[in-house]
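Below is one structure, written out as C-alpha cells; the observations come after it.
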Amino acid sequence: PAQDVLFSVVEEERGPGLFPEVRGSGAGCTPEQTPASFPLTPDFSYFQLRAHMYQARGVLAADDSGLSDPFARVLISTQCQTTRVLEQTLSPLWDELLVFDQLIVDGRREHLQEEPPLVVINVFDHNKFGPAVFLGRALAAPRVKLVEDPYQRPELQFFPLRKGPRAAGELIATFELIELDYSRRLEVRHPPTPGVRPVLREFRVEVLFWGLRGLGRVHLFEVEQPQVVLEVAGRRVESEVLASYRESPNFTELVKHLTVDLPEQPYLQPPLSILVIERRAFGRTVLVGSHIVPHMLRFTLQGPEDAPEEEGEEEDPGDLVLSTPEESCRHPEGNWVLGVGLLEPARVAVTEAPALQIYNRCLEEEFDHFEDWLNVFPLYRGQGGQGDGDAEEGGSERFVGKFKGSFLIYPEAQAVSSEPKISRGIPQNRPLKLLVRVYVVKATNLAPADPNGKADPYVVVSAGQERQDTKERYIPKQLNPIFGDISLPAEPELTVAVFDHDLVGSDDLIGETHIDVENRFYSHHRANCGLASQYDVEGYNAWRDAFRPAQILAGLCQRCGLPAPEYRAGAVKVGSKVFLTPPETLPQGGGPSSALEEAQALLVLRRWQEMPELGLPLVPEHVETRPLYHPRSPGLLQGSLHMWVDIFPRDVPAPPPVDIKPRQPISYELRVVIWNTEDVVLDDVNPLTGEMSSDIYVKSWVKGLEHDKQETDVHFNSLTGEGNFNWRFVFRFNYLPTEREVSVRRRPGPFALEEAEFRQPALLVLQVWDYDRISANDFLGSLELQLPDMVRGARDAEHCSVRLARDGAVPRCNLFRCRRLRGWWPVVKLREAEDGKVEAEFELLTVEEAEKRPVGKGRKEPEPLEKPNRPKTSFNWFVNPLKTFAFFIWRRYWRVLVLLLLLALVTVFLLLVFYTMPGQISQAIFSPLHRASDAN
C-alpha cells in the first residue's frame, strides 16, 4: 500500500519500507529501469547520472557518543543509490562514484541545460537495531552534457545540508548528467572517470597538547585519566594519558606530529576530529567528548618573507591618545569615569588628558578570543549539531569541557629540522600563581528581578573555590575593585555574576559572564594589563603595570627571537623595523634619559602590530562591555557589565590597585533672589470696570527636588505686569560635576524600605503664577535654566526678549564656574504670544562656604532683604472710593469726563442766561418808566 512507501519528516508517520536497515536491499531502493519499448519522442531523453560523492563535513551527531554512522542516499527520478556506511565520524570521506544508467528525463533536451532536474541527497545515520535517522538534505543541480557537447572533467562543489530550517553541515560532491548515444544502443561515449579525488601532497601536522579544562562527568563518574586523540584523513595521533586530571590537567609532552596526505587545495582538506577519551579499568575506553575543526586553513603555516629594514611612517601625535573612534574619557582629578557616553555632554577634549578606550563588546571579540597561539576547542557529547547553544555561557547541555591546544600544518618539504615549528615561543606549561583584579565600573540594562520592576544588584566574582562579593554594597554604582588569587591551570576561568539582593529569601541571579584568565595571561596580545596612552611616573595616570615599557618591549623581542631594541634620537630600531618617535609625541619638559626611553618604548608597543610577520595589536588601557546571561535562558541578554581585568604573576611585585570608587557628589547651596517682574500676562478681569490685572507670585525648585518647592509672596493687583518681590530662595542639592547631574536619594515608593539613588539634570525651574482666592491659581509662564550651561540674562528689561529662552541662545555660562549671575530672563508659555520677564540673581556656594556666610529664606535673617516698594493705593470702593474712581475711571475716560464737564458748564451757563434774561429784559424796559414816575 501507499502508506508503506510514504515519506514524512515526522519519524512516526514515515513508511516502514522507505528506509532499509542495510544499504542496497529492501524496498527503499528501486532497481535500475529498463529501456522503454515505445519509440523515442522529442519529449524525453535517456541520460546517465554520475554522482561523485567525495565527503561531508560537520554533519549532526545522532549517537549518544556525540558522533554518527553516516551514509548518503542519492535520488533522481525513480532511482536511488546509497554510499557505504562510515562509523563514528562527523566528517565521512566516502570518495565513491554512483552511476545511474538509462534515466528517462522528460522535457526537451535543449532546455535541460538551463533547467536540469534536481538531485536529492539525503544523509542518514545508520543504526544496527533500528531505523536510520535523518541527518540532513542537500539539493544539487547536475551539469548536463548533451551528445554533441565535448566532455569536461568535473570539479567538486559545495552543497549545504539542512534539516528543516537548521544548518546540518555541507556536502562536497559533483554530479554529471550525460546524454546517452542513440547510435550505440544507449551507451555512453565517455567511460566513467575513476574519481575526482584532488591531487594529494604530503603535509606535516604538528599538534600542541596544552591541557583539558572543565571536564564533566561521564556515566556518573568523574573523568580521571583522559587522553586526546586527533584524527585527520584516516591518520591519528594520541597525547599522553593524564595520570590525574584533578591534580594536573596539563600535558607534560606538549608537541607531537604526524605526516599525512592531504589535498593541495586548502578548501578541500578534510576536517580535523578531536576526540577526548578516558582510560578506565580493565582496558575500557569511554568517549568523553569530541570537536570537529571544519577548516584547516587557519592553522596553515604562511610562508616566511624577509622584511628589509624600513622606517615607520610618522604618526600624528593626537592619534596616539585614542587610536579608535570609541568613546573614552578619564577624570583629570584622579578618579576614573564611571559611564559610557559622558564625553560628549561634558565637552571634554580627549587629547587634553590620557584616555581610556571603551569597547562596546567583550575584549575577546576585539582580539580574536586571544587564540593567537593557544586555541580553545569546546567538547560536545550527545545528539545535535556542534556548537548548539552557547557553550561558553553554560547554555548547552551537550557541552562537556574544553581542550586547549593548537595545530600547525605545512608541507613536509618545509620541515628542514626535526624541531617542531609550533613549539617556538611557547611558555613553560607549569603551575602559576596569579593576582587577578576585577574592576567593575557599572552595570547597564539589567533585567528586573523584583516585582516592582527594579533590582538591588551586587557583584560576585568566583574562580574555583575563591569567591569575592560586594553584597554589603548592593546599591547600584557602589562597586569597588575586587581582587584575589588564582592558580593556573586549576582555576583557569573567572566568573563574574550579578545577583539581586533580597531582604527575605535567597538572592536571585540576574546574569553572569565567564572570562578565560589563562588565555588572557598567555596571549601574545598581552591582555594581562592594558597599555596606557602615555608614560607617567606619578599622578592620576601613573604607570600601573608590573613591568615598565622598556622591559615589556625587551621581553617581546626575546620571545620573537629578535635582538634587543636600539634607542636612537627620535627613533627606535626593533629588528629590521625602525619606529619614528618625533619629539612632539614624547613628554614635554624633558626629563631623565630613562623616562624618554620608556616613552619611546611605549610608542613602539602601541604600534607593535606594524612589525612584519610578528606584530600583533597589544591591548590598550580599556573598559570592556561584557554581556550577562542566565544559565536557564541561554542567548537571552540580561544586561551588560562595564569592567576590566588586571592579571599579575605572584612572583613579581604588583602595583597598587587603581581607585575607581564612584565620585561622591558635592553639596552645593543655590541662592536665588527674585527682584522684579515686568510685562507679566494680566489674567484677571475686574467685573465692574473690565480692567485687566494679576496677583503675581513666583515659584521655583531644582528638578528632582520637587518636595522643596519655594514661593514668593503675592504682589496683588498688578495692572501693568510689574511685580516687586525682593525674595530669596535657598536650595541645597548634591551635584556630580562630570555627569552634570543632581544626585537625589529617596524612597521609590510608599512601601519601599530603603532609599535609592536617582539622578536628574541640574535644572532650575522658575514659574510665574496668578494667585486666585477661590479658584485654582493660573499659570502665566515658566523658565528652565541648566545650571552648568545656562544663558546669560539681559542687563535690563528692554533688552530681554523671548529669544533668550530658545535652545542654543548665546551668550552662555557655567554657574558652577562663575558662581554669581544677575540679569533679566523671559518666561514663556506654550501657544501664547505674550511673555513676561523676571529679574533674578543667582549665587552658588558649597555647603562649607554657605555655613560660613548663612542667609535666610524670603526676607528673614540673616542678611534680610528690604521690603519691596509696592504701590500703597487701595482699590476697594468702600474704603477709598475716590482713589478707586480716579484710578479705574479717570485714567480711562478722562477725555470724556472733561468734555462732559465742559458741556455741563456750558449748559449751566446757558440755563443761567435763559433764567436771568427775562428779568434783565423787563428791567431794561421798565426801568425808565420807574425813573420817570419817581421824578414826578
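Positions of Cβ are set from backbone N, Cα and C atoms, glycine also.
Per TrEMBL, domain 'C2' is recorded for 30-158 (among others). In terms of DSSP helix, strand and coil, the domain 'C2' (30-158) has 3 helix, 62 strand, 64 coil.
Each residue in the domain 'C2' (185-309) gets a DSSP state, and the totals come to 9 helix, 56 strand, 60 coil. The domain 'C2' annotation in TrEMBL covers 185-309 (among others).
Per TrEMBL, region 'Disordered' is recorded for 304-328.
Marked as compositional bias 'Acidic residues' by TrEMBL: 306-318.
Taken from TrEMBL, the feature domain 'C2' applies to 416-530 (among others).
Marked as domain 'C2' by TrEMBL: 652-801 (among others). Mean pLDDT across the domain 'C2' (652-801) comes to 89 in this model.
Not one residue of the same chain 6+ positions outside the transmembrane segment (893-915) places its C-beta atom under 8 angstroms from a C-beta of that stretch. According to TrEMBL, the feature transmembrane segment maps to 893-915.
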